[in-house]
Amino acid sequence: MSPWTTVIIEDQFLFRDLLVKLVNGDPRFECVGAAGDGEAGLALCRRLHPRLVCLDLNMPRLGGLAMAEQLRAESNGSRILALTSCKDETSIAGVLELGLAGYVEKDQPITVLEKAMVAVAEGRTYYSPTFNTVRRRLGGNPMAVSKILSLREREVLQLVARGLTSAEIARDLDLSLRTVGNHRYNIMKKLELRNAAEMVAYALKQDQTSAVSSRAVD
């Protein structure tokens, strides 16, 4: 059997390099490309059509969820394993909406990542315990964030929870400051928040709720 072709999309150079070495050290896989931002990663996937894409959700220039959405719309055929250091509800909601094949947090052991990679490459799915806990909660909530906000709005909300300013969000997502402002306004309107302070509090609550769920599972 030919090895599963794999593309790594990760903005942190050290982690990206480690992932490439991990993939190439396993005869079942072959790393055919790696990229440090969403736009470069999208171009690679369009050109190479890999079997597996290991995708960091928090990417500069083009966010991981936005990139995954474009690949899905193009029927690229690649299977996507989402990697993240943020256990927030907005990311999980996006993965659910797009139907990505896997989700693993970066603080998991290498053995977990290897298990997830094999499962996704074989055509199965792999989701972490944290993901499954949040999925159950979202499934019973008709006002879940995934049903209200667009993918880009959820990316902005996630960065708000991390404490980024509008200027920093604009830089990370390669958007104009005005566009970020429009997204923030739409988020407040859709979630019925009265001001920026309430939006920050809401974003932090979403992030903290997911963190509590993670500790409960652990």
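From the backbone N, Cα and C atoms, a Cβ is placed for every residue, glycine too.
For the domain 'Response regulatory' (5-121), DSSP puts the residue distribution at 55 helix, 27 strand, 35 coil. Under the heading domain 'Response regulatory', TrEMBL lists 5-121.
Marked as 4-aspartylphosphate by TrEMBL: Asp56. Close to Asp56 (4-aspartylphosphate) in the fold, though at least 6 residues off in sequence, lie Ile9, Glu10, Asp11, Gln12, Gly64, Leu83, Thr84, each with a CB less than 8 Å from its CB.
Residues or ranges marked as domain 'HTH luxR-type' in TrEMBL: 142-207.
Taken together, the residues of the domain 'Response regulatory' (5-121) have an average pLDDT of 92.
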